[in-house]
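Before we start, here is the structure in question, set down as structure tokens.
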Amino acid sequence: MAMHRALSSVTRLGAARCAASSWPATRLAHTLPDLPYDYGALEPVISAEIMQLHHSKHHQTYVNNLNVAEEKLAEAVAKNDTSTIISLQGALKFNGGGHINHSIFWQNLCPGGSGEPEGELLAAIQRDFGSFEALKQRLSAATVAVQGSGWGWLGYDKEAGRLRVATCANQDPLQATTGLVPLFGIDVWEHAYYLQYKNVRPDYVNAIYKVANWKDVADRLSAAQK
């Protein structure tokens, strides 16, 4: 009986090791999310050409590269290759951030916009910024001032229970970088606007509010507060 229990323990341990070693092969690959609207649905604020390139080319590239980086990471973890694990962090941050940021961005927008914020979201905006117009001015100023490529964000500080405006360089993801939960993001990489707005970033940033989906933002705030 004791021998049977010992063999059973060895069997379970072997099965666990086998499952762990098979993890790289069973990892679920990231995929490009579908847009909830057609490429031309945000015109004239964002052209169909920009949306098609931005979504099917740029976002797809982040997804592809993230999957490659995660496959390499899984192999390095299985081999206990610490040097390679460390070397992959940049690719994971950049491409993972690009995938996270854009997945939020598409949902933050909707054809014709959703109107102005309402309910708890509006109350939080008025409490933390004074008014919706004051929020837009502050978020726009911060976003336009991003040097080079990056993002402007409205985020939620869970510890303080307040809304914050923040910016991130390149594709750095807001929560992993600042601890703020991302609610509404404005992409100011040139691929997001240059074909239409050329080098006049302020025009693009100010126009984005015309297609902002504040209902999606409100849902994100509600989820962050739980």
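In case you wondered, yes, glycine gets a Cβ from its N, Cα and C as well.
As listed in TrEMBL for this protein:
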BINDING   His54, His102, Asp187, His191  Mn(2+) binding site
DOMAIN    30-109  domain 'Manganese/iron superoxide dismutase N-terminal'
DOMAIN    117-220  domain 'Manganese/iron superoxide dismutase C-terminal'
Which residue, of the binding-site residues His54, His102, His191, has its CB surrounded by the fewest other CB atoms within 10 A?
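Minimum Cβ neighbour count within 10 Å, taken over the binding-site residues His54, His102, His191, occurs at His191.
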Other than its own, how many Cβ atoms are within 10 Å of the Cβ belonging to Asp187 (Mn(2+) binding site)?
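Within a 10 Å radius of the Cβ of Asp187 (Mn(2+) binding site) lie 25 other Cβ atoms.
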Other than His54, His102, Asp187, His191 themselves, what residues in this chain have Cβ atoms within 8 Å of the centroid of the Mn(2+) site's Cβ atoms?
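These residues sit around the Mn(2+) site: His55, His58, His59, Phe105, Trp189, Ala192.
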Can you give the mean pLDDT for the domain 'Manganese/iron superoxide dismutase N-terminal' (30-109), rounded to a whole number?
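On average, pLDDT over the domain 'Manganese/iron superoxide dismutase N-terminal' (30-109) sits at 98.
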